[in-house]
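**Q** So Swiss-Prot lists these for the protein:
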REGION    1-379  region '3-dehydroquinate synthase'
BINDING   42-44, 80-83, 111-113, ASP116, 136-137, LYS158, 176-179, ASN187  NAD(+) binding site
BINDING   ARG127, ASP143, LYS149, ASN159, 191-194, LYS243, 257-261, HIS264, HIS280, LYS351  7-phospho-2-dehydro-3-deoxy-D-arabino-heptonate binding site
BINDING   GLU191, HIS264, HIS280  Zn(2+) binding site
ACT_SITE  GLU253  active site, proton acceptor
ACT_SITE  HIS268  active site, proton acceptor
REGION    392-835  region 'EPSP synthase'
REGION    854-1044  region 'Shikimate kinase'
BINDING   GLY861, MET862, ARG863, ALA864, ALA865, GLY866, LYS867, THR868  ATP binding site
REGION    1045-1258  region '3-dehydroquinase'
ACT_SITE  HIS1162  active site, proton acceptor
ACT_SITE  LYS1191  active site, schiff-base intermediate with substrate
REGION    1271-1551  region 'Shikimate dehydrogenase'
Amino acid sequence: MSIEKVSILGKESIHVGYGIQSHIVEETIKCLASSTYVIISDTNMSKTPTYEKLQDSFQKELAKQRPQSRLLTYLIPPGENHKNRETKAEVEDFLLQQGCTRDTVILAVGGGVIGDMIGFVAATFMRGVRVVQVPTTLLSMVDSSVGGKTAIDTELGKNFIGAFHQPEFVFCDVSFLQTLPKRQLINGMAEVVKTAAIWDETEFTRLEGFAKRFLAEISAPTPNLESIKDELIKTVLGSVRVKAFVVSADEKEGGLRNLLNFGHTIGHAIEAILTPEALHGECVSIGMIKEAELSRYLGILPPSAVARLSKCLAAYGLPISVDEKIFSKIIGAKKNNLKIDSLIKKMLIDKKNDGSKIRCVLLESIGKCYESKAHQIFKEDIQVVMTDEVFVHPFANRHPESVSITPPGSKSISNRALILAALGEGTTRIKNLLHSDDTKHMLDAVVLMKGATVSFEDSGDTVVVQGHGGKLFACKEEIYLGNAGTASRFLTAVAALVNSTQDEKSVTLTGNARMQERPIAALVDALTTNGSKVDYLNKQGSLPLKIEAGNGFKGGRIELAATTSSQYVSAILMCAPYAEKEVTLSLVGGKPISQLYIDMTIAMMKDFGVDVTKSETEEYTYHIPKAVYQNPQEYVVESDASSATYPLAFAALTNSSCTIPNIGSSSLQGDARFAVDVLKPMGCTVEQTSKSTTVTGPPIGTLKALPEIDMEPMTDAFLTASVVAAVSQGTTTISGIANQRVKECNRIKAMVDELAKFGVSADETEDGISIHGVQLKDLKTPGGRGVKTYDDHRVAMSFSLLAGLCKDPVLIQERSTTGKTWPGWWDVLHSKFNAKLEGHEYIRQRSGSLRNGDRSIVIIGMRAAGKTTLSRWLAEHLNFKLLDLDQYLEKKLAVDIKLLVKEKGWDYFREKETEVLNECLEKFGKGHILATGGGIVEGEKPREALKNYTKSGGIVLHLHRDLKETVNFLSKDPTRPAYSDDIEEVWKRREKWYHECSNYHFYSTHCTSEAEFANLKLVFAKFVSKITGDDTFVLPATRSTFVTLTYPDLRKVPSLIKDVSETSNAVELRVDLLANQETAYIAEQIGLLRSVATDLPILYTVRTKSQCGQYPDEDEEGMRKLLMFGLKMGVDIIDLQLISSPSTIAEVISKRGHTKIIASHHDFTGDLKWDNVEWKNKYAQGVSIDADFVKLVGMAKTFDDNLLLENFRRQNTEKPLIGINMGPQGKLSRVLNKVLTPVTHELITDKPIGVGQLSLKEINQALFQIGGLLEKEFWVVGFPVSHSRSPALHNAAYAALGLPYKFDIFETDDAEKVYTQLMQKPTFGGLAVTIPLKLDIKKYCTELSESAKLIGAVNTVTPIADGRKGFLGDNTDWIGIANSFKKADFALASGVTNGLVVGGGGTSRAAIFALHSLGCQKIYLLNRTESKLQDLVDSFPDYDLEILLEKNASSVSIGLVVSCVPGDKALDETLMKKLDGVLSNNKGDKQTRPLLLEAAYKPRVTPIMELAKEKYDWTVIPGVEMLVNQGEAQFKLHTGYTAPYKVIHSAVLNE
């Protein structure tokens, strides 16, 4: 057994080896005499063979060596969330109960959680007992176990309470690592890499070489760490020795020890937010990169060192960005919580800080820290590094007069050098290689295909490539290239040379979304013509590509169009020496694009030993011999000439000087001519030698435009030229840059669009751009979201220059895109040019949470699904124009569709239909309802267009109804072209397409009567308001409830649904309890529920068996689909179980649209008490995924469980909590819960037994009994009021809901009496105000609602904050009028309706307000005394009011009438004559159904009602309906509850 010992604080107490359990036992018992030894571990570790062996060995050895001593064991739950005060106290209580004394020795066997917390127990128990650390994870071996730092976590951060307490021994048994999962092993490597990065470059280099073997071994199906145990021991020792040395020099972290916190300032802040999903090492890895970038930003660390650190961490499988795909999946929706303000708050309370000053370790090079101490860092600098958007402040006069800048290596040369070196034989040292995203992808690809071995020297500045002579092999992994265009083209050709292996027969190249749009077809065609087999895996002509291995490169004559990209030409040139036959490459069809880059490739091939000869007989033709590249010993990459244009342009724009010391006239790069050919003619002074270039800008404002310049030799530099031209005098026209339209973006269009934001106009030309320069003083500061960079590095860098010339800071989006060619550009701008930068965090709104506004809505669905009718309703509701795409097509082609199909067939029709769809989406993108034909989804192209529309935030609404009804309808309709297939078969074929092409779905219930159609229109309008964001669920300020429906089929209980749900704030549909979970059935059930409970929000729940439901837990995919279908149905609230997979949670959260989310967790075992940390974790999880509510349900086994829950509720207030206990003993929790309490109803007979459900009435009664509800008094006031039905209405509702309230009569005409005798009472609850007090009471109201102000009368008074802040005067008369019309099927009225108000009194004002709210375009007024009407017209200047004259009475169109004249008095003859004319002219029929509401409720039938109904067949609404409806609204204002409508209606009618 080999054991390495490391000294710390003068004692060899750290022992490292493999399989040293017996040594641990012997050494502990021999050296640490004690009466009691206590092994403390966690429940996971205790199940491992290594732990069991350790415990057994200890027991046996102790019996031999110290038989009088005893061994105790204690296990705690695993995980960081148990590293807290509570768990520490439990351990201490155990030790005390066992009679442990000060001679106790504790062995902490476990990872960092055990080591930290048990070390802290040892530090404080009996004022300090001895502790032995036995770390069992790689992370704890190299980090937490060494150095004596012990601690527990608090809510404010990690390790905030602890002590320095040195262990007697630290035993690092590497064999323990065999028990760890892969992710935990990788997690530990972060601290290993960190230690080498701050202290030992030699060890760092060893780690770079070990990464591949390490990852391969731990990724094996059955890992065997013994095969790499020597390397693992070296790895642990390397870190432990550094830490031991540092701790010995600075035990209490006074200075030097702070260096060990590299990566932790930012890493700990990230971890505090992402724990427990993200592991410590993962967060520290990301922290290291961010702190390295901070060092680079401050001008301390070279870019190559950042690149090297990134590559090393990534090689071990560690995340280097929170945006990495796998890491993002792990942390799920918690990623949304990584706000810069939150992170900085966490950093501000870091233990390393000096007061409130943030301190951070800065890296100077790999293996060395800057000044060997932590430094104070400004929040502003951290903000720049941590955000991907930046404000560039005005350059003003902060910049230096002259500066020398060395840009990174040329991207073009770097990529070519890597390809040539990988294909070559021998070892070459490449210096000044560009360390960027592009070259990183290239290096990774070369290594994956085994084309070369890559290592680093000179702190990463030198890349050592050992080429394998063109021997490349297929690999299992996809080769991901991001948006690296150069790499994709070169590697496509290289992949054609790849050999197959026994297991792998192909290579797959892929990239990001933009890369998958960029063209590569011309190169692929050339390769396939030459024998390669290449398949497009997605879009034809773009990546991803699958290239079959083993076909090789045939060679011979290859022709490429001269107009093709020079990168295609270079790709074939570089691979040509490895063809089976010598290659002749001919560029045909004119002068080649970017000839200079072709010349560059040929020159570089010569540097690597292959001479390309130009044909003497054919123009633009090259002969390439068969050969193997011979790698030169050293190759120095020239700085990137395209990148050099930015600092040179800075000098031009700011009247300063800039020198590029390593690019001159001898450069191979076309862009090296930028200074001489572009900046010099614009007025700059240019000095250029063969190796250097210096530019001095003219006085500010004197740059001259270039009337015409051909930039074909330096196309990438046109963007830089454009921003200089923007502030030059005159118009600059650039040509020869057509290829820039197919780069990272359409750069010419991007330049035109973004220049416009600066007030600079520019025009696209056939092969270029014209820019009309402006005076500097006329340059505008872009507003809103600033400059869009299109994920294009050159767009970002170019506009960073123009931004600094504006008067105010300019926002640049996606600044990290510069990583493609110049990762440190912003650092140079900041540290070399002294530009002030300010990091900006863009808080993205929830996906779909923006209101739809005027964006057009597309309708799809089967023929006869109701698209025509519902589309018309939709257009009316949104005030959009309706465009039927079939009619548009008929008009465009001047032919009937039925005839078109008959003559030219369905295929032709589908083709034209697709053209029309694309045209209409482009042309009518705003303010339209685009109704499509049923078969629009038949073609792939229209499906793609519809899906893209939803991805861009547009609404595609799928309308559907019962299929049998559709079949019945179509079989009777001869006007439509006949289906060639059975209708049901057509539906089966299309169903999946409708679902994938739409983001919303509406199911129309079958209607057989006008009332049902009216209700459907109302339901549909509410649905549309929800999905467009105009009417979303808002939690009431008062107590709220939802009623649960557990019926398998709602069709059997429609009337019951309305009665049991109307007093709740939402209704829960338990999807898991439905008869089946087919989406068609669920849609039908939701359609029915909406038609019955019209006004109630729907809570959509799929509960699994483990969460007290019926849905199978194992069907995760089925659950995901059901949840996504709920979102598609536009439900108001969705229940999302916290036990769902992170991917399901993330998808639901990201696609929630306007639906609110309840994050739920149920424990029906009762094992989890409310003081258990697991509940806190579940609540925190709900908060972290940004749910709107968190619902936690326990099981009460004792009455005290309710009190524990209330304590939990008080402590957790970040999100509204629905917290209840199930069971009979949990009823109190339902009474005390205020937010969306689940309730049952007296009418529900089959209630679940033993759950403890209560009705709303029972909750209120119990709440009153325990003092949660107090008695209140309400009155109707006025004169006369003795016959008022208000007391009957309100008291009936109080009784139904169990409210301890009383409503009475107070008859008076004196408002002061009301105020002094009623409103001042402590039990005052509110008033119903009638004549003559509706005006007088206003002076006693502190506030008036908008309706009360406009109507000018108050009929409802409620106290504000129990009267302490005064009283609110409101008016519900208008609601009574409006709701009476709505309940009388007003929704069926088509188009805009005009209204008429009869009378000129106070109620008339409420009637006008109501009719306006219903959308009446014009409101006519009719009264015996016309002077009163003029007052009304003057009071509502914004409403279109018109006094109805006798001559017009018989001709105006009117659909709604409100009679506001006394019902018990004879009417004026003139008035009756006018009214008779109106009623006669607008007689009722099936289409119009005009409505008349009588405001007077005595007598029951008034003369006006009789006239309208009997003589002219108008639908009349008696006054009692208005009384009930306004009383219902009044009740809601008084109590916060919805009154049971049947109850109050009966109470009013039963006199």
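Glycine too: its Cβ is placed from the backbone N, Cα and C atoms.
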**Q** Translate the DSSP assignment of ALA865 (ATP binding site) into the three-state scheme.
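**A** In three-state terms, ALA865 (ATP binding site) counts as coil.
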**Q** Could you tally the C-beta atoms, other than its own, that fall within 10 angstroms of the C-beta of VAL113 (NAD(+) binding site)?
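**A** Excluding its own Cβ, the number within 10 Å is 25.
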**Q** Within 10 angstroms of the C-beta of HIS268 (active site, proton acceptor), what count of other C-beta atoms is obtained when all protein chains are considered?
**A** 23
**Q** Quick one: Cα separation, VAL193 (7-phospho-2-dehydro-3-deoxy-D-arabino-heptonate binding site) versus ASN187 (NAD(+) binding site), in Å?
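**A** Taking the Cα atoms only, VAL193 (7-phospho-2-dehydro-3-deoxy-D-arabino-heptonate binding site) lies 11 Å from ASN187 (NAD(+) binding site).
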**Q** Using a cut-off of under 8 Å between C-beta atoms, tell me which stretch among 1-379, 854-1044, 1045-1258, 1271-1551 contacts the region 'EPSP synthase' (392-835) the most.
**A** 1-379
**Q** Per DSSP, LEU260 (7-phospho-2-dehydro-3-deoxy-D-arabino-heptonate binding site) is which: helix, strand or coil?
**A** helix
**Q** Which state, by DSSP, holds ASN187 (NAD(+) binding site): helix, strand or coil?
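**A** Where ASN187 (NAD(+) binding site) sits, the three-state DSSP reduction gives helix.
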**Q** Using an 8 Å cut-off from the Cβ centroid of GLU191, HIS264, HIS280, can you name the remaining same-chain residues around the Zn(2+) site, in sequence order?
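**A** Close Cβ neighbours, site residues excluded: LEU139, ASP143, ALA190, LYS194, GLY263, GLY267, HIS268, GLY281, CYS283, VAL284, GLY287.
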**Q** How long is the line from the C-alpha of ARG863 (ATP binding site) to the C-alpha of GLU191 (Zn(2+) binding site), rounded to the nearest angstrom?
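**A** Just about 63 Å between their Cα atoms.
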**Q** Mind checking which of HIS264, HIS280, ARG863, LYS1191 has the fewest other CB atoms within 10 A of its CB? They're the recorded positions.
**A** ARG863
**Q** Just to be sure I understand the packing, how many Cβ atoms besides its own are within 10 Å of the Cβ of LYS83 (NAD(+) binding site)?
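**A** Total other Cβ atoms inside 10 Å, all chains included: 22.
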**Q** Over all shown protein chains, what is the count of other CB atoms within 10 A of the CB belonging to THR137 (NAD(+) binding site)?
**A** 27
**Q** For the recorded positions listed here (ARG127, ARG257, LYS867, HIS1162), which one has the lowest count of neighbouring CB atoms within 10 Å of its own CB?
**A** ARG127
**Q** Please report how many Å separate the Cα atom of ARG127 (7-phospho-2-dehydro-3-deoxy-D-arabino-heptonate binding site) from that of MET862 (ATP binding site), as a whole number.
**A** 78
**Q** Suppose you look only at the region '3-dehydroquinate synthase' (1-379); what would the mean pLDDT be?
**A** 91
**Q** By a simple count, how many Cβ atoms lie within 10 Å of the Cβ of LEU177 (NAD(+) binding site), its own Cβ left out?
**A** 24
**Q** Closest to LEU177 (NAD(+) binding site): which of the recorded positions LEU260, HIS268, HIS280, ALA865, GLY866, going by Cα position?
**A** HIS280
**Q** For the binding-site residues listed here (ASN159, THR868), tell me which residue's CB has the most neighbouring CB atoms inside 10 Å.
**A** ASN159
**Q** At a 10 Å cut-off from the C-beta of ALA864 (ATP binding site), count the other C-beta atoms across all protein chains.
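**A** Taking all protein chains shown, ALA864 (ATP binding site) has 20 Cβ neighbours within 10 Å.
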**Q** Between GLU191 (Zn(2+) binding site) and ARG257 (7-phospho-2-dehydro-3-deoxy-D-arabino-heptonate binding site), what C-alpha distance do you get in Å?
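**A** Each residue's Cα considered, GLU191 (Zn(2+) binding site) and ARG257 (7-phospho-2-dehydro-3-deoxy-D-arabino-heptonate binding site) end up 14 Å apart.
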**Q** Ten-angstrom check, please: count other Cβ atoms within 10 Å of the Cβ of ASN187 (NAD(+) binding site), all chains counted.
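**A** Other Cβ atoms within 10 Å of ASN187 (NAD(+) binding site): 27.
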